[in-house]
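Undergrad: I have a structure I would like to understand better, so I am pasting it below and will then ask my questions one at a time.
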Amino acid sequence: MKVGDRHYHTIWLNEDGRSVDIIDQRWLPHEFRVVTLKTIADIAVAIRDMWVRGAPLIGVTAAYGVAIAMAEDPSDTHLDSVWEELHETRPTAINLRWALNAMREHLRALPEQERAEAAYQRAAEIAEEDIELNRAIGANGLKVIREIAARKKPGEPVKILTHCNAGWLATVDYGTATAPIYMAVEEGLPVHVYVDETRPRNQGAYLTAWEMNGHGVPHTLIVDNAGGHLMQHGDVDLVIVGTDRTTANGDVCNKIGTYLKALAARDNGIPFYVALPSPTIDWTVHDGVKEIPIEERAGEEVSFVQGRAPDGSIASVRISPEGSPAANPAFDVTPARLITGLITERGVADASPEGLKALFPERS
């Protein structure tokens, strides 16, 4: 997508052919920074400390991490070691495991002397596949927006609420939940997006609002607890969110607070959709609440908030009393029964084993 007058992906191969460049998302929306990752340690830090984030982008970054590692040491031992090191960085996002497995399975079949080149090629393929998957998700989600727009008065916007950032910054390009929105705007459909701030890391306020602003999408930033109120008063027509892991029965694990939005949507009769590429589906898990490991992040993310100070510097300030401990679960699970549909690259599925298998019969 565009930043200013230039088109960017969130990650790309450096001109040296070995390192990778990323948009360092820790500084958005106040500063736009590109950094170069040269080692497997750089990759691990970038994923763990959320220089990059979003399940699809985490997977692609890990794939390039394997490539960097193979250029250093293409042995089986190193391949397995890198798999373990990267897998531990963000345990909830299933795309991470999917990408690491795809890389390891592809490389194990090759002689060591061929692995480095093959690894970079496969990582680039995974990145390109992500773009195509998101483009298809956008086209399928656009149909949902069109259906709602058709019931509106001419010029009346479709009012969409989204949570966290499932935008192009969470993928290589387009995004998942935002792809249908961008396509609707390109088609000329009037939309208005309500952007949850999404505490504690404020990815809605920092990232989604930045995306919407950059692409001229009408939007309003709201506090996390305002969504239910807006739904009660008819200000939301549709909720679209992303997911970090979706189970075989249609449960969705997404940023903390998603479950509450789904409950409010159900109580007010508002359709609640989840946009996801198929690598986000964990076909081995059938009960999201019981089986998905929920990442617990540092309490400091709750106790401190980052922003631009009056002198123009980026500062972190404490917002809670010293000595007050903070819990920080990063995700929650929305049961399939609360989900209207799963927007995938193959179409919109019911959030059920039958619905998913109808679109992915090879998993039957």
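Just so you know, glycine gets a Cβ as well, placed from its N, Cα and C.
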Undergrad: Swiss-Prot has Arg53, Gly54, Ala55, Arg90, Asn254, Lys255 down as binding substrate; which of Gln203, Gln306 does it also list for that site?
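TA: The record-listed residue among the candidates is Gln203.
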Undergrad: From the centroid of the CB atoms of Arg53, Gly54, Ala55, Arg90, Gln203, Asn254, Lys255, the recorded substrate site, which same-chain residues not already listed sit within 8 A by their CB, in sequence order?
TA: Ile58, Ala93, Cys164, Asn165, Ala166, Ala170, Gly242, Asp244, Ala330
Undergrad: Are there any residues in the same chain, six or more apart in sequence, whose C-beta is under 8 angstroms from the C-beta of Asp244 (active site, proton donor), and if so which?
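TA: Within the chain, Asp244 (active site, proton donor) has Cβ neighbours under 8 Å at Ala55, Thr92, Ala93, Ile94, Asn95, Cys253, Asn254, Lys255, Thr280, Phe331.
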Undergrad: Whole-number Å distance between the CA of Gly54 (substrate binding site) and the CA of Cys164 (site 'Transition state stabilizer')?
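TA: Cys164 (site 'Transition state stabilizer') has its Cα 10 Å from the Cα of Gly54 (substrate binding site).
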Undergrad: Let me know the largest Cα to Cα distance in Å among the substrate-binding residues Arg53, Gly54, Ala55, Arg90, Gln203, Asn254, Lys255, as an integer.
TA: 17
